[in-house]
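What TrEMBL records for this protein:
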TRANSMEM  26-47  transmembrane segment
TRANSMEM  59-78  transmembrane segment
TRANSMEM  99-120  transmembrane segment
TRANSMEM  126-146  transmembrane segment
TRANSMEM  158-175  transmembrane segment
TRANSMEM  191-214  transmembrane segment
TRANSMEM  226-247  transmembrane segment
TRANSMEM  267-287  transmembrane segment
TRANSMEM  294-318  transmembrane segment
TRANSMEM  324-342  transmembrane segment
């Protein structure tokens, strides 16, 4: 009886500890989701506002996507308890990677981020923000494709349904020639904006999949500091590369004149640049945090959740046209996102059921062994 009570107490303690860890982990995930959605939506709208009111430099627009990383330095003072996540189970070695290897990873990610940011800037300059946002929703399909090869992503009917719907959602916009062109933008520039946005979306899907691969294979002690290290180093490399292009292209010469001619004034010009940089930094913290705590595909799916917010706001702020094709594209994208979220719910529910059965079975085995030991002791006593 005492053995049964001890095993019962031990089992309850294990279940309580697991519940506490899971509770804290989901709080962290929720914060990352808020950072990602708020940062992404506000940064996208401010990026469009920069071009809409007279901004012309694609290099400067790209630079402010990464230049806000210094504001993250105080976050190093925040200590978060290390949480046991699924990522830890995939690491087979306790050996920390060399500084040279981590440096190579950060430089590669930084250069990729700079290229992706420039492609998005081209799309933002020549296309309405609603069109850019809807095209960017196809990142989920690209990320799933790359995650299949890099991170052994499992494809289910719901995920396949989600990818097909998101792909169709983006393809529809190619045929929406009337509402997808800004006033004063030629057909050639509009086509260039489409191509650059699609290439940037594909590159972003690849980058997120590579981040998950690197975090799980190279980083042993995964924590909030790991997220900050990746965001800071990646942003530093990207900012350095973009600064080289900014000065080499001669865009820096028109910076003063662009500020003087900006439609909202000099102060508003600086505020748009500063707050865009801050919002992108917040977005990157949330994105890399979700990759660390869950997966690259989950991060991309949450990013797609902000899809309806930006186009709807853009209709009122920038007078973007919202015709039938864009509405259908948005509905398909939301449908695809819901399909993916439902699969995540199934993935989260099934392991819980299996783990409950395993704990019960383990407890029964422990109790059985204790009873057997007690019987042996009684026999020896008699």
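Backbone N, Cα and C atoms are what each Cβ position is placed from, and that goes for glycine too.
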Contact between the transmembrane segment (267-287) and the transmembrane segment (226-247) (at least 3 Cβ pairs under 8 Å, separation 6+): yes
Range from 59-78, 99-120, 226-247 with most C-beta pairs under 8 A to the transmembrane segment (191-214): 99-120
Considering the transmembrane segment (59-78), which listed stretch of 26-47, 99-120, 226-247 counts the most C-beta pairs under 8 Å: 226-247
